[in-house]
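Accompanying notes for the structure given below.
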Amino acid sequence: FAQKDVFQLKDLEKIAPKEKGITSMSVKEILQSLVDDGMVDTDRIGTSNYFWAFPSKALHARKRKLEELESQFAESSQKKEALEKSIEKSKIGREDTTDRAALLKELAALRQKKEQLKTEIDKYRECDPDVVEEMRQTNQVAKEAANRWTDNIFSIKSWAKRKFGFEESKIDKGFGIPEDLDYID
């Protein structure tokens, strides 16, 4: 900012140690971090990189940031006012009166009664024809699955008898198959 000039890296490596006390080894790192932060501008012209920073750019950046923050503040203020108005509108008709208190008590009593009726309905759910039919269908599916597995067991037993010549009682004992295994009717 002080010299208001354009520099190359080698110029800055000579000037910075003398004027600012920065070691010449760290000038490149510091300059890169300033470029990354947007505080110093850089451009490549031909084979050289040039660096500069003018006070007017920093001033304009601060002004833009200030304007942005002011607009955000204005938006937030408008939202706050709108919400306060909404709260006031919501309060209309909800004043604490004896009628309102009576209605709230009645509402609470009706909600409690509704819960009681729901629990009573749940008690008799087992007798509901839809639930009974659903249980029948579930039982039918389970019965078919059990018979299918029983059929699979019989198939494997007959295969083992043919393939290895085992007796049926040894197969049952070896695999823990009950003697009275049969299809479910």
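A Cβ is built for glycine as well, from the same backbone N, Cα and C atoms used for every other residue.
Feature annotation from TrEMBL assigns coiled coil to 59-152.
Across the domain 'Mnd1 HTH' (3-55), DSSP classifies residues as 23 helix, 12 strand, 18 coil. Marked as domain 'Mnd1 HTH' by TrEMBL: 3-55.
Annotation source TrEMBL lists domain 'Leucine zipper with capping helix' at 131-184. Counting residues of the domain 'Leucine zipper with capping helix' (131-184) by DSSP class, helix then strand then coil, yields 42 helix, 0 strand, 12 coil.
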